[in-house]
Amino acid sequence: MASGAPDGKWKVVKKGKKSGEKGGGRKALSESNVTPGGTAPIKMANTVYEMGFEQILKKQNKEQVPPNNIPAEQPQKKQQQQQNPGRKKPQSGDTGSRQRKFHTLEEGLKALDLAELQRELEKSQNMFPESPSIWVKDLAGYLNYKLQTVKNDVLIQQSHDYPYCLVNKELKGIVRSLLAKAPHVLDVMVDHCIFSMFQELDKPTGESLHGYRICLQAVLLDKPKTVTNNLPKYLELLRSQVNRPMKCLAVMWAVGQAGFTDLSEGLKVWLGLMFPVLGVKTLTPYAILYLDRLLLAHSNLTKGFGMIGPKDFFPLLDFAFMPNNSLTSSQQENLRNLYPRLKVLAFGATPESTLHTYFPSFLSRVTPSCPAEMRKELINSLTDCLNKDPLSFSVWRQLYTKHLSQSSFLLQHLVETWDSNSKAMRKSVRETVHSFKVTNGEFSGKGSSLKDLEACDAACQALLHKMKGSGFPWRRLIVIAFVFLFGFVFYDVRTHNSFQASTSHKVLQQSGLLSVSQQAWSKVSNYSLQGQSWLERNVPQYYSQAVEVLGPVLEQVWAKTQEGAAYACEKGSVLITYTKDNLPRLIEWLHSHTPDSVCQFIEYLRELLLHLHRTYLLPAVTYLEAAVQNAWQQYVASCNGKVTWDCVRGQVSNISHSSWTYLQNTTMTVTNWALSIISHH
C-alpha cells in the first residue's frame, strides 16, 4: 500500500527479507515486475495498491532507487512470487492491466463499483489506522484511476459544480464519510490533488483528472476555509506557474470551488487569488467568468457586505472603464456588466455611513481626459455619496481647492439635476455652495488654475439662481392673500361698526355672492336640522333593536372566538414543537430519498428560467418600454406638443369612431360573405 510521509512524498511498505535472501539492495517496482521470458501474463489483483497506484509507485520507486541489472533480479522475483502468490503483478507491457476509458464521465460513474471502493478504503484504513492522509490519497487516486474518459471536458464550458453534480448520492456518502474521519488532513488532500493534477498536466498525454476534481469539490464545498485560510500559499504557487496556463487554471479552478457555498469565502478567493492576476492574458477570461458565476450563484449579496473596500473597488473601477489597459474590449464589457453588483457589495449595508470614504477617490478620477462613460459613472457615484452620506459634503469642502476642475464637473451636474434632488440634499448643497463662493473670492486672481476657478464660480452662481427660482410659491401666495383678505374684512367691519354697513357687505350684495351664500347656508342649515331630528328619532329605536337581535349572537361569536383563539394557540404551540423536532429528520429523509434526476431537473429548470429571463423577458421589457415611449411621443406630437383635455377628448373620439367604423365594416364583410355562400347553395 502507498503510504504518506511528512514531506508529502510517496514511500513503499514492503515485507522484510529473510536473512537467506540475496539481493543488491531494494529494487524498483518496475524492475520487480520483469518476468522471465516465456512466462504467461499474470492476472492483476483488484486492490487499490495494484490498480490505483501501480503507475505512481513505479515512477516514485524509479526515482528513489537506481535500477540494477535485470538478470540479477530475476531469481529474487521468482522467490517473491513463491512467497506471495496473491500479490502477483502483470508484465509492464500487459495491456490488460490498464483501466479502460469511457466516452463520458456519466458512463464511468455508472460503471464504478462502489462495493469494491468501500473494500479498498477499509483495507487502507486497516493497514494504516494512524495515517488518515493515506486514506484520502487512496480515495483520490482510486477515483481518478477509475474515472478515465476518452476526452477531457473543458471546465469553462461546464457548470460551476461539474463534475461533482454528476456524482450519485451513494458515492457522495462514501466520500463524505471518509472525509469526516480525516478532518485534520483535508489540506493535505487538497494539496495532493493539486500536485497530482500538475503531474498529469506535465505529461504529453496525461490522464483525465475527474477523480481529483471530485475530491476537491467534496472537500471545499463543505469546508471552504481549508483553502481560504492559505490563499497566499496558492497565490505564490500560481505566480510560480504563470508560464504554464493549464496549471494556473487548475489552481484557480480548485481554489475557486470554496466560493460557491459561501459568498464571503468566494470573494476572498477572487480578491486574494484571481484579482492579482487580472490582466494576464491567459488567466483573465477565467477570472472574470468565475466572478460572474459567483455573483450569479449568490443572488443575495448581503453575505458579501464588507468584503470589498476602497482598496479593491477602485482598481476594479479602472479595469472596467479605463481604456488602453490590459483587458480586451469584450472583457471590459463583461466586467462592466458585473460592476453594479460589485458596487453594491462595496457600499455595504450602511452606505449612509461609509460613502464618504469613497468620495475622494471618485472625485480625483473626474478629470477632463476621463472617458465619457467613466465620467458619467463617477458623477452618478459622487451624487449618491452626497445624497446618502452627509459627511461627503465636509469631505468635498476640504478637497475643493485641490480638485477645482473635478468639482466644476460635479457642480454642473448638480445644476442640471437640481429639481430631482431631495430637500435635505438641497439644504446641504446650499451651505456648501456658499462656502465655495467665499473660497472663490479668496483665491480669485491667484494661482494657475484660474480657468477652473471661473468654471466653479459660474456653476455656483447657476446653483444659487436655481435655489432662488426653484418654482412659483403658490402656497405662500395663497396664505398671504387669505391673511390680507381677512385683515381687510376685519378692518372694514370695525370701521363701519357692523357687517351690514361695511363695504364688504355692499360688494357681496351687488355681486350676488351674498344672496347665493345665504341660500346655500339656509339649505345647509335646513338639511342639517332635518338630519339631526331624524337621528334623534330613529337612532335609539334602531340601536335597541340591534342590541336585542344581535346582542346574543355577538356574545356567542365573541365566546367562540376566544375559545378558537385558545385552541389555535394550544395546537399551534404543539405543531411548532413537533416541527422543530422533526423538520431536520424530514430534510435528511428528503435529501437521502430524493432521486438525483429531480435535483438535476431543478437545476436544468433554473438554468432554463435564467436563459428565458435573459434572452426573452429582458428584451421584451426593453422593447415594451421603447414602444410605450414612442407611442407617448406620437400622442404628444399629435396634440402639437401640449396634452390638454380637448386633445384627450378628441383622441378618444377618434379612436372610438375608428373602432366603430372597423367593427361595422367587418360585420358587413362577414354578412356579405355569409349571404354569398348561402346564395350559391
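Including glycine, each Cβ sits where the backbone N, Cα and C put it.
What Swiss-Prot records for 1-41 (among others) is region 'Disordered'.
Under the heading region 'Disordered', Swiss-Prot lists 58-99 (among others).
Under the heading N-linked glycosylation site, Swiss-Prot lists Asn300 (among others), citing sequence analysis as support. Taking the Cβ of Asn300 (N-linked glycosylation site) as reference, residues of its chain lying under 8 Å away and at least six apart in sequence are, in sequence order, Leu263.
Per Swiss-Prot, the feature N-linked glycosylation site maps to Asn324 (among others); the stated evidence is sequence analysis. According to its DSSP assignment, Asn324 (N-linked glycosylation site) is coil.
Residues or ranges marked as transmembrane segment by Swiss-Prot on the basis of sequence analysis: 471-491 (among others).
If you look up Swiss-Prot, you'll see 608-628 (among others) marked as transmembrane segment. Outside the transmembrane segment (608-628) by six or more residues, the chain places 296 with a CB less than 8 A from a CB of the stretch.
When Cβ atoms from all protein chains are considered, those within 10 Å of Asn324 (N-linked glycosylation site) total 5, not counting its own.
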